[in-house]
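Reviewing the structure listed below.
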Amino acid sequence: MYLSILAVGIGGALGSLFRWFLGLRLNALFPALPLGTLASNVIAGYIIGAAVAYFGRNPQIAPEWRLFIITGLMGGLSTFSTFSAEVVQHLQQGRLNWAAGEIAIHVTASVIATVLGITTVAVVTR
C-alpha cells in the first residue's frame, strides 16, 4: 500500500510541476486561449492513451507503474479544473464564442491525442 501511495504522490508532484512549467512558458503567448493549459491536457491525453494501451498489452507490469504514470503523473499534468475556470472567465466576460471555442478545442484535441497514443502503441508493438 505504501508503494502505491508513493507512486501516486511522486507522479502527481512531477505532473503538477510540468503543468506549472508549461503554464509559465506558454500562457503568455496567447492569453485568450492559455496554451499551457491546452498543452497540458493534450500531452496528458496522448500519454494516457499510450499508457492504457501499453499496460493493457503488458498486464505483468507492476500496478504501481500504472498508478505512477496514469493516476499520478498524468493526473497532475492534466487540468480540467483550470480549463473550467478559463471557460467560466470567458462566460463572465460575455465572450460566449471564446468559451465555446475553448471547449471545442480542448475536448477535440485531447480525445484525438488519446486515440493517437493508443494507435502509437498498437503500431509500435506489432
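Cβ coordinates come from backbone N, Cα and C, glycine included.
Small disclaimer: the values here were computed from a predicted structure and weren't measured.
The DSSP secondary structure for SER78 (Na(+) binding site) is coil. Other Cβ atoms within 10 Å of the Cβ of SER78 (Na(+) binding site), summed over all protein chains shown, number 22. Per Swiss-Prot, the feature Na(+) binding site maps to GLY75, SER78.
Residues or ranges marked as transmembrane segment in Swiss-Prot (evidence: sequence analysis): 3-23 (among others).
Per Swiss-Prot, the feature transmembrane segment maps to 35-55 (among others).
Among the features that Swiss-Prot reports, transmembrane segment is placed at 68-88 (among others). Non-local neighbours of the transmembrane segment (68-88) in the same chain are 7-19, 34, 37, 40-41, 43-45, 47-48, 51-52, 55, 99, 102-103, 106; each lies 6+ residues outside the stretch with a CB under 8 Å from one of its CB atoms.
Within its own chain, the transmembrane segment (103-123) has Cβ neighbours under 8 Å at 33, 37-38, 41-54, 57, 83, 87, counting only residues six or more beyond its boundaries. Taken from Swiss-Prot, the feature transmembrane segment applies to 103-123 (among others).
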Sequence-distant neighbours of GLY75 (Na(+) binding site) in its chain (C-beta under 8 A, six or more apart): VAL8, GLY11, GLY12, GLY15
